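Features of the protein shown, as given by TrEMBL:
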TRANSMEM  28-53  transmembrane segment
DOMAIN    35-253  domain 'Cytochrome b561'
TRANSMEM  73-93  transmembrane segment
TRANSMEM  105-124  transmembrane segment
TRANSMEM  144-171  transmembrane segment
TRANSMEM  183-207  transmembrane segment
TRANSMEM  232-253  transmembrane segment
Amino acid sequence: MGGRQNAQRASQVSMGGHGKCGNRKYSYLLFAGTDIVILQGLPTVLVIFWVMWYRGGFAWREDPGKEFNYHPVLMILGFIFFMGHGMLVYRLFRCCNKTSAKILHTFLFFMAVPCIVVGAIAAFDSHNLRTPPIPNLYSLHSWLGLITMGLFGLQVTHMMVMGFFSFWLLLCCEGATAGFRGSLVPVHSTFGIITFMLAIATAVTGYTEKAFFSLSGKNGAPRYADLPEEAFIVNAQAMILGALAMLMGYLLLYPYYQRSPPIPVAIMDPPSHYVMTHKYYDQSNGRRHHNSYQPE
C-alpha cells in the first residue's frame with residue numbers, strides 16, 4: 001500500500017502537481033487575472049481617455065502643448081504596464097520553464113524602453129519649443145523622474161550584461177557560477193521593486209503638477225479646487241496607482257506567490273524494487289542532490 005502511495009506521489013511530483021503549482025494554481029490565477037490586469041490596464045486606459053477627451057489629443061513638434069500628451073501616456077505604458085507585467089512574470093508563470101519566463105521578462109522590459117525614451121523627449125520638447133520656453137528639471141516630479149529613469153536604465157543594463165554572461169560565458173561552467181548568479185537575483189529584484197514604486201510616486205506628482213497648471217482658473221479654465229470633472233479623472237488615476245503599488249508589493253513580497261523551488265524529478269527503478277531517487281539541481285549553491293528512500 002505504501003509503495004503504491006509513494007509511486008502516486010512520485011508521479012505527481014514529476015508532473016509538477018505539487019504545492020503551489022498544483023493545488024493553488026486556480027487561486028493565484030484568479031487573483032492575478034482580476035486584480036493585476038484591471039489595475040494595470042485601468043491607468044493606461046484612463047490616461048489615454050484623459051488626454052484625448054480633456055487635453056486635445058496628440059500632436060508632435062508643430063504643437064508643443066499636444067506633444068506633451070505623449071509624455072503621460074508613454075510613461076504609464078512603459079513604467080506601469082510593461083515594467084509591471086515584466087515584474088509579475090515569475091509570479092504568473094511560476095510553474096513554467098524558467099528560461100521561457102526569463103525571455104518574457106526581458107522582452108517586456110525592452111518594450112518599456114522606447115516608451116520611456118519617447119515620453120521623455122516629448123516632455124523636454126513641450127518645454128523647449130514653447131514661447132516663451134518653460135524651464136526644465138525644476139520640479140519635484142522631474143527630479144523623481146530622473147532618479148526613476150536612472151534606476152530603470154541600470155536595470156536594463158544589468159539585464160543586458162548579465163544576460164550575455166549567463167547565456168554565453170557563465171553557463172560554460174554553470175555549477176561553479178550558480179552561486180554568483182544566484183546572489184545577483186535579490187539585488188536585481190529589489191531595485192526593480194524600488195524603481196516601480198518610484199515610478200508610481202513620480203506619476204502621482206506629475207498628475208498633481210499638471211492638474212494645478214491646467215486647472216488654474218486662468219483664461220476661463222476651471223479651478224482644480226472646485227473639483228471639476230477633469231479633476232476627478234486625474235485624482236482617480238492617482239488613486240488607482242496607489243492601489244496598484246500596494247497590490248504589487250503584496251504579490252512580489254508575499255511568499256505564497258513566489259516561484260516554487262526546483263521540482264524534483266522522480267526516477268523509478270525497475271519494478272522489482274520500488275526505490276525512487278529524487279534528483280534535482282539546486283541553483284542556490286550549484287550542487288546536485290540525491291535522495292533515496294524505501295517505501296513503507
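Going from the start of the chain as shown, residues are counted 1 onward.
Placement of Cβ uses the backbone N, Cα and C atoms for every residue, glycine included.
These figures come from a predicted structure and were not determined experimentally.
This prediction places the mean pLDDT of the domain 'Cytochrome b561' (35-253) at 88. Same-chain residues lying 6+ beyond the ends of the transmembrane segment (183-207) with a Cβ under 8 Å from its Cβ atoms: 43, 72, 75-76, 79-80, 83-84, 87, 139-141, 144-145, 147-148, 151-152, 154-155, 158-159, 162, 234-235, 237-238, 241-242, 244-245, 248-249, 252-253.
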